[in-house]
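Undergrad: Below is a structure I'd like to ask you about.
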């Protein structure tokens, strides 16, 4: 289990001592060593969601399940924690891209981005932009060859060159509350104050390195 590639590539690792604490906590919660999708949603308090919101959470879980066996084991779980603690926005964008690329073909089309936007909208509430406005804005700015699809290179480079667009994308796909529960709610050595700012959780810093 957990032998797939890490979620975000070359990311900052959790210190060894903290990893041991995480491991004990994970095994206390999940004695089998595996977390199911239902347990993931229970952990986050995300029961009774509508279909669109459920789709978004399912996709988040699937990106954590790197070896695609239907479970999240400890190595996959700690990789997710590493991502949350990662300060490099480029690494987060790589994960965003993987999240939006629903069919896993290495590119994002308008329908995939639209589906994910609407799923997050159902989870987080109404956005400033309509789904159509958001999709048109993103593709107008960063679909360099106008083929109706975004490659990973186009996605990351486009965001790096347009801070305003980066802010819009970050806010429009803000699932920091979902991820923060994992980080703050399950790590004994960290603060668990629900009012903790996104910056302190490493989620609100929109910067490229």
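Keep in mind that glycine also has a Cβ here, set from the backbone N, Cα and C atoms.
Marked as N-myristoyl glycine by Swiss-Prot: 2. Swiss-Prot lists 3 with the feature deamidated asparagine. Swiss-Prot lists 15-50 with the feature domain 'EF-hand 1', giving experimental evidence as the kind of evidence. What Swiss-Prot lists as domain 'EF-hand 2' is 52-87. For 65, 67, 69, 76, the entry in Swiss-Prot reads Ca(2+) 1 binding site. Annotated domain 'EF-hand 3' per Swiss-Prot: 88-123, in sequence order. The annotation Ca(2+) 2 binding site is assigned in Swiss-Prot to 101, 103, 105, 107, 112 on the grounds of experimental evidence. Residues annotated as domain 'EF-hand 4' in Swiss-Prot, with sequence analysis given as evidence: 130-165. Feature annotation from Swiss-Prot assigns Ca(2+) 3 binding site to 143, 145, 147, 149, 154. Summarising the annotation, Swiss-Prot assigns region 'Disordered' to 187-209.
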Undergrad: Rank the binding-site residues 67, 105, 107, 145 by the number of other Cβ atoms within 10 Å of each Cβ and report the first-ranked residue.
TA: 107
Undergrad: What binding-site residues among 65, 67, 147, 149 are found with a C-alpha within 10 angstroms of that of residue 107 (Ca(2+) 2 binding site)?
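TA: The binding-site residues close to residue 107 (Ca(2+) 2 binding site) (Cα within 10 Å), listed in sequence order, are 149.
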Undergrad: Counting across all protein chains shown, how many other Cβ atoms sit within 10 Å of the Cβ of residue 154 (Ca(2+) 3 binding site)?
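TA: The answer is 19.
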Undergrad: Please report the distance from the Cα of residue 112 (Ca(2+) 2 binding site) to the Cα of residue 149 (Ca(2+) 3 binding site), rounded to the nearest angstrom.
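TA: With distance taken Cα to Cα, residue 149 (Ca(2+) 3 binding site) is 10 Å from residue 112 (Ca(2+) 2 binding site).
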Undergrad: Would you mind checking how many other C-beta atoms are within 10 angstroms of the C-beta on residue 103 (Ca(2+) 2 binding site)?
TA: 10
Undergrad: What three-state secondary structure does DSSP assign to residue 112 (Ca(2+) 2 binding site)?
TA: helix
